[in-house]
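As recorded in TrEMBL, the features of this protein are as follows:
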- 159, 160, 161, 162, 213, 214, 215, 216, 217, 218, 219, 220, 221: GTP binding site (BINDING)
- 1-17: compositional bias 'Basic residues' (COMPBIAS)
- 18-30: compositional bias 'Basic and acidic residues' (COMPBIAS)
- 103-271: domain 'CP-type G' (DOMAIN)
- 120-269: domain 'EngC GTPase' (DOMAIN)
- 1-37: region 'Disordered' (REGION)
Ligand SMILES: Nc1nc2c(ncn2[C@@H]2O[C@H](COP(=O)(O)OP(=O)(O)OP(=O)(O)O)[C@@H](O)[C@H]2O)c(=O)[nH]1
Ligand SMILES: [Zn+2]
């Protein structure tokens, strides 16, 4: 066990295990009589909580289902086959019988299982930053690395551009130029004035997206601008929003009226802080990949090592110096944060 990681007392561990067993056992009920179930229908999981899931049909109708013990992991975004009961049992309309193979998965560290899938079939990760008080490329790079690790396409969104002078706007464009050069899409937007929001709406069409980014960058404000009526809590609103526990802690899938879907939850939004192995960090700087094999030493740390192909590429202007600098800072911070930051408290983690 790594230094600094919180140890549980024996009593706490017993409680954690007992709760977990209780949750697993609940899967047994209610018992469906196969003869009374309708035919298999395709659907999509829009929320998953406890031993239940809300399944949306292609027609947009939502049915609360329980899960066959045999189906394994079922998460928001999953494509499933389910069957409807001829009468609702304890408010449950049917049962999920099979999960289709996933085209992508978002995982986070889990106390029991190492990595746990929290959402499936996401097409793009919108990395939201605010240009004010300051645009941090290190934070952007951190999210990009995490996104690259999942294989899901990241898109950069810079919010609050209404607060920029023309001069500052030029500086922001210059800061972002290296990202355009290596092929990332960038949206400059203001959820306040609506600038750039129509383009962003277009980018969301026909895709399943998640919004990630630090607190206060305006993710909720943007989602509210794109999804009128949803009224997610933003920084200025009191915490007494009337939203239930489920809605705030469980990931759910929502439809943008302009087309496309959003998977959202506080847990999903925090994903870049989850742990990554150092070699995955290197891989996550996608323009480094073609150079990495060229280092003189196989265990090159790409610092002051002789014959480092990455450093040579920086000197030749093929790799952006700021990205290279951020790379080293991210590696350092991940090593120093690893013991405690990336594991949720198992006693409070539902
Ligand atoms: N000027 C300006 N302010 C904005 C804009 N978008 C959001 N804000 C403000 O920024 C603050 C934070 O916005 P939120 O939408 O709560 O940010 P968030 O990223 O959802 O934050 P968390 O919920 O903590 O993750 C609020 O006071 C918003 O009013 C914008 O485009 N321009
Ligand atoms: Zn090297």
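In case you wondered, yes, glycine gets a Cβ from its N, Cα and C as well.
A TrEMBL annotation is a machine prediction, not a hand-curated record.
The DSSP secondary structure for residue 159 (GTP binding site) is strand. The number of other Cβ atoms within 10 Å of the Cβ belonging to residue 213 (GTP binding site), over all protein chains shown, comes to 24. Of all the binding-site residues listed (159, 215, 221), 159 sits in the most crowded Cβ setting, with the most other Cβ atoms within 10 Å.
Taking DSSP states H, G and I as helix and E and B as strand, the domain 'EngC GTPase' (120-269) has 58 helix, 32 strand, 60 coil. Under a cutoff of 8 A between CB atoms, and with a sequence separation of 6+ in the same chain, the neighbours of residue 219 (GTP binding site) are 128, 211, 212, 213, 269. Summarising the GTP site geometry, the residues cited as binding it (159, 160, 161, 162, 213, 214, 215, 216, 217, 218, 219, 220, 221) extend over a maximum Cα to Cα distance of 19 Å. The Cβ of residue 217 (GTP binding site) lies under 8 Å from the Cβ of 128, 129, 130, 159, 160, each of which sits 6+ residues away along the same chain.
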